[in-house]
Amino acid sequence: MVDYHAANNQPSAGGVQTYMEQENDWDRDLLLDPAWEKQQRKTFTAWCNSHLRKAGTQIENIEEDFRDGLKLMLLLEVISGERLPKPERGKMRVHKINNVNKALDFIASKGVKLVSIGAEEIVDGNAKMTLGMIWTIILRFAIQDISVEETSAKEGLLLWCQRKTAPYKNVNVQNFHISWKDGLAFNALIHRHRPDLIDYDSLRKDDPVTNLNNAFEVAEKHLDIPKMLDAEDIVGTLRPDEKAIMTYVSCFYHAFSGAQKAETAANRICKVLAVNQENEQMMEDYEKLASDLLEWIRRTIPWLENRTQEKTVNDMQAKQEDFRDYRCVHKPPKVQEKCQLEISFNTLQTKLRLNNRPAFMPSEGRMMSDINGAWHTLEGAEKGYEEWILSEIRRLERLEHLAEKFHQKAAIHESWTDGKEAMLTQKDYETSTLSEVKALLRKHEAFESDLAAHQDRVEQIAAIAQELNELDYYDSASVNARCQKICDQWDVLGALTHSRKDSLERTEKQLETIDELYLEYAKRAAPFNNWMEGAMEDLQDMFIVHNIEEIQGLITAHEQFKSTLAEANKEREAIQAIQTEVQKIAQNNGIKLSSANPYTSITPESIDNKWEKAMAMVPLRDNALQEELNKQNSNDSLRATFASQANTVGAYIQAKMEEIGRISIEMNGTLEDQLTNLKEYQKNIMSYMPEINKLEGYHQHIQEALIFDNQYTPYTMEHLRVGWEQLLTTIARTINEVENQILTRDAKGISQEQLCEYRASFNHFDKDHSGALMAEEFKACLISLGYDVENDKQGDAEFSRIMGIVDPNNSGAVTFQAFIDFMSSETTDTDTADQVIASFKILAADKNYITADELRRELPPDQAEYCIARMAPYAGPDAVPGALDYMSFSTALYGESDL
């Protein structure tokens with residue numbers, strides 16, 4: 001007998017490998033087992049008839065009805081959906097062999113190797129060859145295409161059965177023979193897909209015949225799967241026929257494959273919807289946090305811009321304390337919220353990119369740029385408020401000093417003017433002798449000298465009042481009233497002085513006797529008295545200094561003043577000598593002197609008294625200046641202490657800023673290791689916080705001492721605060737970048753080695769270690785990775801396309817995150833709108849719309865309701881009541897339209 005197909009060893013079409021060689025070597029000896037042969041005959045006959053009935057025919061005897069090849073060819077046409085060559089209708093043996101050979105040729109063309117099966121054996125009715133041929137057909141057309149998790153054929157079918165029956169008790173599918181004897185596995189398969197057909201809990205493991213017949217009857221009645229096995233044959237056989245069981249089980253697989261597709265489609269939709277729900281929650285969280293932060297900034301800025309002036313230094317210092325409380329207590333949590341907001345925004349955008357979603361656009365006024373702008377305005381308001389408080393404290397100190405000085409000088413002047421109007425208006429010269437008139441004239445001249453000397457004090461009083469007005473002193477009204485009273489009185493005194501002088505000059509011709517000594521005494525005593533009053537004013541004068549140089553200047557001026565005291569004392573002794581000479585002349589000439597000098601009211605006793613008072617004030621002034629010098633020395637020590645700590649902190653912040661810049665570029669190891677190292681580095685940085693707090697304490701002492709400058713350091717507390725906040729923000733941003741890289745890696749399936757390779761390539765071309773590649777650097781990097789972007793027309797176009805992806809804002813620089821996103825998008829795949837639409841189409845049974853009931857049946861409850869709430873009504877020509885448009889919903893998920 002010629003083995004026709006054994007000789008036909010040509011490769012099959014498309015290079016298909018020999019199919020399931022282990023199955024082709026079926027054990028022909030086992031077919032001789034009567035029990036197995038009986039099972040195969042019944043199963044294979046039923047399987048063939050399940051397909052032949054589609055063509056309106058069937059077989060009764062499997063080895064007899066296929067002998068002429070006609071029904072065999074018809075069977076192959078039905079199960080393959082292809083047309084075979086036209087059969088020969090003759091009744092001769094040669095016609096039958098030709099028909100069978102056409103069928104065998106068709107089987108071989110599908111990549112099936114037929115071993116030892118020839119047309120003659122089939123025509124002769126060889127039972128074992130016919131059963132082997134049918135088993136080969138079943139393997140190729142019913143089992144070969146089964147695929148579950150990268151396994152196929154027998155292994156795939158077995159894995160499918162194991163997956164579907166895993167939740168059921170007393171079912172453990174390990175093979176296609178004894179695992180099915182008790183019938184529970186068949187019932188579990190049906191119940192898994194159609195629980196309405198089987199009451200699984202009522203089945204008993206010790207009643208296999210009932211179980212098997214129940215499954216066979218339900219499958220035949222409701223699933224259109226013909227009864228291919230006998231329960232008694234399976235139970236009565238020690239090891240049921242594996243091929244018969246596989247053939248029957250494959251019918252279940254094909255019957256339920258549609259449900260499998262629906263489950264896969266539902267899983268895909270659930271995955272997409274879960275991502276979308278998580279992203280929406282993150283968007284809502286961002287919007288709320290951004291709104292709260294912006295509202296806090298909106299409420300805080302008016303408080304910082306409030307310039308309501310206070311009346312006293314203590315009131316302004318209370319405002320300063322409130323501002324310090326704001327800086328140390330209220331603002332730090334908001335700095336953390338701003339940092340967390342930026343991290344949340346970046347993480348959300350990364351997730352949206354990884355899931356092929358459109359970028360998140362916050363509502364108007366809540367962009368990160370809006371928040372940064374509001375924060376910048378807040379910090380500007382802070383700086384302006386702090387500067388205003390300090391300037392106001394200086395202004396109020398100046399005002400209090402000027403007010404004290406004004407009242408002191410006004411009191412001295414008012415004391416001096418007391419009684420002057422009465423003196424200038426008296427008519428004593430009308431009844432006086434010539435000598436008395438001359439004395440009155442000289443006295444008046446001395447008064448004019450005194451009046452002229454007091455002119456400077458009046459001008460000082462007016463200037464101080466003017467300055468108090470310009471500085472907006474709160475009690476300017478009383479100051480102005482007092483100043484106006486002094487000025488008006490001064491004008492009256494001037495007029496009265498001029499009038500009295502005229503009167504005395506009119507009578508001067510009648511006055512001849514003048515006591516020259518009295519006159520000389522008066523002329524010298526008046527300016528000396530004036531000098532003493534001025535000296536006493538200076539010795540009592542208030543002073544404000546801000547550094548050692550200023551106090552040393554005052555001490556030097558005071559020392560110069562003390563150096564003139566010896567000369568002043570000589571002048572005092574000379575004046576007293578004049579009075580002594582007057583008394584000596586009066587005694588020598590028997591002249592009776594009046595009780596007072598006619599030319600002046602300044603007595604020797606008053607001069608001595610003022611001199612003693614002035615001398616007593618000198619050591620008090622010495623002590624006051626020395627105390628101020630000690631205070632300035634203490635302030636200088638505070639400056640040095642603050643400067644030492646500030647210089648240390650400033651250098652530390654600068655070093656750590658440079659170090660984190662290097663770390664972000666030179667990091668190696670896995671991303672998890674990098675993240676752990678960065679968080680440990682962040683913890684190490686935060687351990688430096690006590691040094692910042694110590695510096696804040698020094699700064700508080702500086703402000704409490706009203707120290708406004710520091711020549712020992714270039715740093716201010718504001719600069720160091722900003723630097724510290726920038727350092728913490730930079731570390732947090734670097735950690736967030738690594739977390740986003742982990743998200744990218746996990747979402748895109750990028751290996752650690754690929755990430756390391758991307759980082760190495762990026763760092764190699766990042767020559768200036770800026771963390772970003774310029775256009776030319778990025779082009780060189782792409783060329784090194786094998787991209788064709790050379791300087792020609794096609795390369796330039798490709799490079800422009802890539803730059804549009806990695807640098808959509810045309811900044812001219814490519815960040816590492818953008819580089820990673822691009823490389824991952826080139827090597828991985830993500831869900832698309834078309835895939836989601838196809839999944840919904842499966843759930844909708846190939847309709848262009850889907851109903852709420854279908855969604856609730858196929859999807860979890862929360863995700864089903866999510867879709868129902870967002871899907872628009874379907875408006876197509878085939879619409880029915882309650883139809884929903886899943887196509888526009890799917891495209892909206894990927895930003896192609898609005899939900």
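Note: Cβ is positioned from N, Cα and C throughout, glycine not excepted.
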Open item on the list: coiled coil per TrEMBL: which of the ranges 157-191, 262-296, 437-471 is that?
Closed with: 437-471
Open item on the list: Looking at 31-61, 558-588, 806-836, I want to know which stretch TrEMBL calls coiled coil.
Closed with: 558-588
- [ ] Find the member of 151-257, 757-788, 794-829 that has more C-beta pairs under 8 Å to the domain 'Calponin-homology (CH)' (38-142) than any other listed stretch.
- [x] 151-257
Open item on the list: I need to check the long-range neighbours of the domain 'EF-hand' (757-788): which residues 6 or more away from its ends have a CB within less than 8 Å of a CB in the stretch?
Closed with: 661-662, 664-667, 794-795, 798-799, 802-803, 806, 812-816, 819-820, 823
Task: Chain residues outside the coiled coil (558-588) and at least six past its termini with a C-beta under 8 angstroms from it - done: 515, 517-518, 520-521, 524-525, 528, 531, 535, 538, 597, 604, 607-608, 611, 615, 618, 621-622, 625
Task: For the domain 'EF-hand' (794-829), distant same-chain residues with Cβ under 8 A (at least six beyond the ends) - done: 350, 353-354, 737, 740-741, 744, 748-750, 754-755, 758-759, 762, 770-775, 778-779, 781-782, 785, 787-788
Task: Per-state residue totals over the domain 'Calponin-homology (CH)' (151-257) - DSSP helix, strand, coil - done: 66 helix, 2 strand, 39 coil
